[in-house]
Amino acid sequence: MFQIPVQNLDNIRKVRKRVKGILVDIGLDSCKELMKDLKSFDPGEKYFYNTSWGDVSPWEPSGKKARYRTKPYCCSLCRYSTKVLTSLKNHLHRYHEDEADQELMIPCPNCPFSSQPRVVGKHFRMFHAPARKVQSYTVNILGETKTSRSDVISFTCLKCNFSNTLYYSMKKHVLVAHFNYLINSYFGLRTEETGEQPKASDPVSVDKILPFDKYYCKKCSAIASSQDALMYHILTSDAHRDLENKLRSVISEHIKRTGFLKQMHIAPKPVTHLALPPNSSAPSIAAPPPCFQLALPQNSQSSGTVQSVTVTPGTSGSLTHSPPTTAQSHVALVSSSLPVCQSSLSLQQSAPPPVFLSHSVALNQPVNTAVLPLTQPVGPVNKSVGTSILPVNQAMCSVNQAVRPGLLPLTKPMGPMNRPVGPAVLPMGPSVNSGVLQATSPGVISVGRAVPSGVLPAGQVTPAGVIPGQTATSGVLPTGQVVQSSTLPVGQTAPSRGLPPGQTVPLRVLPAGQVVPSGLLSSNQTVPSGVVPVNQGVNSGVLQLGQPVTPGVLPVGPPVRPGVLQLSPSVSTSILPMSQPVRAGTSQNTTFFTSGSILRQLIPTGKQVNGIPTYTLAPVSVTLPVPSGGGLAAVGPPPQVPVQFLPSGSGTQMGSSLPSLPSPQVLVSPAPSVFVQATPPLADANQALKQAKQWKTCPVCNELFPSNVYQVHMEVAHKQSEAQLCQVCNELFPANVYQVHMEVAHKQSESKSSEKLEPEKLAACAPFLKWMREKTVRCLSCKCLVSQEELMHHLLMHGLGCLFCPCTFHDVRGLVEHSRTKHLGKKRLSMDYSNRGFQLDLDANGNLLFPHLDFITILPREKLGEREVYLAILAGIHSKSLVPVYVKVRPQPEVAPKIPNKQKLTCPFCLSTFMTADAYELHLKERHHVMPTVHTMLRSPAFKCIHCCGVYTGNMTLGAIAVHLLRCRSAPKDSSSDLQVQPGFIESSELLMVNGDVIPESTFPVKRKLPEGHLGPEDQRDGEEPQLTLDADASSGSEKGLGAVPLKRQKSEIRTEGSGPSEDSLQALALDPSKYEGRSYEEKKQFLRDYFHRRPYPSRKEVELLSSLLWVWKIDVASFFGKRRYICMKAIKTHKPSVLLGFDMSELKNVKHRLNFGECESQKL
């Protein structure tokens, strides 16, 4: 760039000096004026000394700039930051308790954003407001529409693989299913009863029974009006963040990225219901979609004509009739995704129609027309109901429930407080939580316990005052009791079911020769011999199959315990008058099965569902009673109904876990009769439902069964061979041998176990382990899977770390002693663990709690001591699993000393037999150059070399011994007879040694034998050392002796086993390696380092010579030189080399002539 030169520099410099002086004078005058102002205002020395430069110069940066924190959750009160919101809350609670309300942060439920509650609320209204969502569609070339892509966030339980999209549901599942022992410490129930008793006519007083503060939290004394409200408080309140840490530790979050969802091309047709004109006395009411649909033949129609009856889920229980249609009748209760009390039920006639009973059926709605005798009572029922069936055109009353009468036309007059129920009400019973048939004990099928009640003959109205002063649940009227027409007093329960014609009474034995009292039957009905009231002394609880029943009414009494309910087919296939009794002997094909005999007929279907086998049981026969009109009972051939039992569950949890946890299906086909056992009351049923979710493996046949089916399977399949597991040696023994085994084998251990000491409970850290799955862990250091048997040996090999200090222990005794002496009384973890969410379960006294045991292992008594040790092991600070793994370590039982018998010892290599152990060991030393030993870490029998004491690992063969002897430095190198191995021994030995155990070679996969001297690609790629065969005169290294060795190794061995290197080849080396042949590895490494300084780029011949003379692998020598060259080149690039010349550089500057340095010998630096 061209610039005009400046002229008149002297003048410019003079003016510049003058201008500078003027500016100095102006500045000085300004400072003097400012000083006068400051003197007029004197705040005092206190403010002067307390003022810093940052106060008067805010525009300049004061102090060092704070480092940016990359973690999402940062504390504004200090420099703390974390990745987990819970850790930030714990930090605020611990260090900033006073300012915690200022720094309280909550996450957005729809996105990762988190901030203060006010900011999050504003953010939610701006970005996630529940406004009208405009569905965006994309149209492809064909004109088809696709919805936009959406991501679904799901949570999974690490304990049982239960998944849900709601975080609250997951926390509730984990608390109820896996941390149920913590519920009692939070849930509180007030037991104070209200003073006045509420009246039935006062609806307001009913609400006073359950006060709004009936439930409360034991931790923070918060009150709740219901269990759900209390559960919501416990799981969402900030006061219980410690509980959230425990629950969050077993919850895994997954983001499922779903692609474009294709729309359905054909819309499903809506289900239409045709309604009849309503009756004059019962106006129809519009209702939401029905939960039950019944189609049954009417009285005046043929069996092929069906009338559809719809029961709406409304509170009024109204029914709408549909016009009759011609169809076949069948009954199906099908599982659906509807809410509770919603399902569908239709009835047609087919052969054989299935009956499906699922967990979502709730039969608490009255249903018109015919009924099913095989039902499961579901839902809360406030009145006692019976197990019989009310006939058609029979009305029924209920006084314990307030309902609106007048919804259905009544065929008979009722009392003033009667509840009208349609003819042939579907039978109901006490609630058992779900309408599922489940097998709860061997040989029986649980249906649900229903308290029976009295029944009425067809066409008779229930009188209100039948049994004065007592309830009608017994079903028996005193002899001579007159039926009165009055209302039933409050507190009595009326029978809810009648007995259809041809149906046997499913409870209790009726002695013959008894007469039914007149208060139960109408005047035109008789009772044949063999039918008696229930109040006669009978203890069996089972109705005999040979006893027929009239179409009239039989009293049924409540069983004392859950009895056996029998379902039998119809007694006849003809038309019987209503007044004609059923004669004895009409049911001839019924047989009496003993308890448990039905499930002995387990027939495998050959199919599997997710690896679980399915079975088929014996058939069951169910009679569908068909009511008749005009005094005649038209009883057709009974349709045989196979019942499929589906797994039962409760609530949303079971509905969500059913798809992920399939259960074996038990199909019951038609049979003459079947026994059904009623389930116990509500508490026992809940326990049975919990047991149905557990799976057990049969120790005999190694099959997987649910816990309830497992009991049946053990009784049916293995009844003859009932085996018991010995808790000491973990072996199965028959029942008759188990007691003898315990007395003989473990007599000393049992006597000592009676004096059991208190177990030690410790917590430790194992950062090298990663918990993979049940009973299996992975060692990150060894990169291998560790089983339950090897777990403790592996832990002690790497060492267990103390949670309170950096100490590491390789024995359990040292860890126990260290915990007693150094950390006695310490209950809280260090900051490294607590900040990352690690927590240990402690009781009220501060002792460790072990809610379950993941591993049970055994250690020798000399390493463990006499006490059992419970270990809670954390998988390191940086582990993703925050739940400790609980391990129980038991001392190895002292087995009674066995009497030494004279057993022959067999050599595993040459199959020679010896009578004494000394002769056996001498043979191994002289013949095979090995001696027996025990593996140091695995504690398993092994062999070691007698020359170098190295322990053989892996597959122990004669070929491996021969190869080792060629490489062994301590073994003699001559060709004497003691080092020669006979080829016949190698060829004839078909045994392999794996960790000292003799295993026949036939158990391993057999390879095709190749011709001698042939080397295939598989042999060349094999990583293991192959067998080596030597001849008697193998000194020359013939081809026969080297036939099993790879070609490259043969060449290298031939070169190394020949005569030593020549003098010419040694001249090619920069240094002589002959004196380092027998030196240690470090000395050889130092020689190679010196050789590298002389020649950093050795030739291939030099590398081979160094490898053969130093007895080092050639690849090791080459890699050593390459590594050193890389280090030097990297150092040259990063560091500037400097040379010290040996004289003063200041004096060198005075030298005016050139410097010439001559060549000199390089010295070793």
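Quick reminder: no glycine exception, Cβ is built from N, Cα and C everywhere.
Marked as DNA-binding region by Swiss-Prot: 1090-1132. The predicted model assigns the DNA-binding region (1090-1132) a mean pLDDT of 88.
Residues annotated as compositional bias 'Low complexity' in Swiss-Prot: 303-318.
The compositional bias 'Basic and acidic residues' annotation in Swiss-Prot covers 1009-1024.
Residues or ranges marked as SUMO2 cross-link in Swiss-Prot: Lys146 (among others).
Marked as SUMO2 cross-link by Swiss-Prot on the basis of similarity to another entry: Lys1009 (among others).
The SUMO2 cross-link annotation in Swiss-Prot covers Lys1048 (among others).
Annotated region 'Disordered' per Swiss-Prot: 303-327 (among others), in sequence order.
Taken from Swiss-Prot, the feature region 'Disordered' applies to 1005-1068 (among others).
Residues or ranges marked as zinc finger by Swiss-Prot on the basis of sequence analysis: 73-96 (among others).
Summarising the annotation, Swiss-Prot assigns zinc finger to 106-128 (among others) and lists sequence analysis as the type of evidence. Using a Cβ-Cβ cut-off under 8 Å and counting only residues 6 or more beyond its ends in the same chain, the zinc finger (106-128) has close neighbours at 72-73, 85.
Residues or ranges marked as zinc finger in Swiss-Prot: 155-178 (among others).
Per Swiss-Prot, the feature zinc finger maps to 215-240 (among others); the stated evidence is sequence analysis. Across the zinc finger (215-240), DSSP helix (H, G, I), strand (E, B) and coil residues number 13 helix, 5 strand, 8 coil.
The feature zinc finger is assigned by Swiss-Prot to 696-718 (among others).
Feature annotation from Swiss-Prot assigns zinc finger to 724-746 (among others).
Residues or ranges marked as zinc finger in Swiss-Prot (evidence: sequence analysis): 777-798 (among others). Residues 766, 768-771, 810-812, 855-859, 863, 873, 885, 887, 889, 937-939 of the same chain, all 6+ positions outside the zinc finger (777-798), place their C-beta atoms under 8 angstroms from a C-beta of that stretch.
What Swiss-Prot lists as zinc finger is 800-823 (among others). Non-local neighbours of the zinc finger (800-823) in the same chain are 760, 762-767, 792, 829-830, 833, 859, 863-865, 869, 871, 873-874, 889; each lies 6+ residues outside the stretch with a CB under 8 Å from one of its CB atoms.
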